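Chemist: Swiss-Prot lists these features:
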type	residues	note
ACT_SITE	287	active site, proton donor
BINDING	172, 238	Mn(2+) binding site
BINDING	175, 176, 177, 189, 190, 191, 194, 195	prenylated FMN binding site
């Protein structure tokens, strides 16, 4: 099942008990965050606040608050099915020629999907049913959440920022938080390595002093939103990838003030520009780390047009100490990364980004070890292969007999298969998230790799321990007589 817009997905979630409407007048200032946080931690439904206090526009939160809902957004029943998305991405990153007739036949579905990429331009789009310009532009009329007591101002969190570099044929979609600065101004917090910031830097170099056109889409269809947070190959647009996932082309329309294309069924569109000379102090804000971050200067986005659907819905979220919605997205996208990593490193058995690690700061990888030093090769490869992992501070490598998603297993491997000096890799002066205040320098810090695999000859001179395992025949016998023993419940082993 595919969803043409956010509303059809909302209806689907509600029909399946995955969305709750709240008619009580809840304040976007702090109250929505407290409610959303309690519900998310209880693995509860998405929430639609129909009557936000002092506003007339409903607010949707916790849309992707469970891995199940992320899978549902892509028409899947189980988060494990998201590995199909990873297989598609692995194919697109490095398509291999067919090895023969049978292989060519097997690859036909992927080739057919790849031909269905270009977005489809439509006229009279829903996102432009209502048009506001000039003095009508007033961002304070939107029910923008003020998430935490120490936040400096309300914050736009789920906007898809659409940019285009002067030397690029494709647009970029990225999600960057935006601080409300005034009736028609937001602060665009994009870090220097992100797609939007790179496009802006190229534009400034080629057209110094000129205004840079930018568009922000709020409440796009769920597949396009997820396309913007997926590791799409640099040569492919997020619109094209969303079309692949959806099975039909993404509908777009031209913005009113520039040539950028926007998702046609979006709830709200903000159009405007960035003056390269206008910067403002952004923050502090509570972030996905569970702390308030430092302030810094970022470009100011001046909004010249607001267009939206009739009876528009404002899509929002909050970030805080895990679990939060970004952490749940990370758990779901974990399944996407597995096939991509396996294509480059077939010896990888499984890969896990624990949500407690703030979505990406720690990774655990299980491998089929084949030679001394193998674990170190894999950890180096993981750090360098995908841009998404350059901020991963800790990587733990375990053998295939260890469940890398079970902390009891992982800690057992670390404490029994590691010598701290021999099996720890430290790398200094590497890229680190600017939000990581634990690093000695903003944006630059160290990484640690932990080799918790069994050690081979060459890695140790000692006789290595053999794990204790019960005789399978004894286990089968005890299983067969368990009920006769009078012990209440058989523990899961």
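Using the three backbone atoms N, Cα and C, a Cβ is placed for every residue, glycine included.
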Chemist: Restricting to the same chain and to sequence separations of six or more, state which residues have a Cβ under 8 Å from that of residue 191 (prenylated FMN binding site).
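Modeler: In sequence order, the residues whose Cβ lies under 8 Å from that of residue 191 (prenylated FMN binding site) (at least 6 apart) are 197, 434.
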Chemist: To the nearest whole angstrom, state the Cα distance for the pair residue 195 (prenylated FMN binding site) and residue 238 (Mn(2+) binding site).
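Modeler: Between the Cα atoms of residue 195 (prenylated FMN binding site) and residue 238 (Mn(2+) binding site), the distance comes to 12 Å.
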Chemist: Using C-alpha atoms only, work out the spacing between residue 238 (Mn(2+) binding site) and residue 175 (prenylated FMN binding site) and round it to an integer in Å.
Modeler: 12
Chemist: Give the three-state DSSP assignment (helix, strand or coil) for residue 287 (active site, proton donor).
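Modeler: Once the DSSP labels are grouped into three classes, residue 287 (active site, proton donor) ends up as coil.
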Chemist: By a 10 A CB contact count over all chains shown, which of the recorded positions listed here is most packed: 238, 287?
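Modeler: Most Cβ neighbours within 10 Å: 238.
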Chemist: Measuring Cα to Cα, how far is residue 189 (prenylated FMN binding site) from residue 287 (active site, proton donor) in Å?
Modeler: 13
Chemist: Could you find out if DSSP has residue 238 (Mn(2+) binding site) as helix, strand or coil?
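Modeler: Where residue 238 (Mn(2+) binding site) sits, the three-state DSSP reduction gives helix.
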Chemist: Write out, in the order they occur in the sequence, the residues of the chain not among 175, 176, 177, 189, 190, 191, 194, 195 that have a C-beta within 8 Å of the mean position of the C-beta atoms of the recorded prenylated FMN site.
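Modeler: Filtered neighbour residues, in order: 161, 174, 188, 196, 197.
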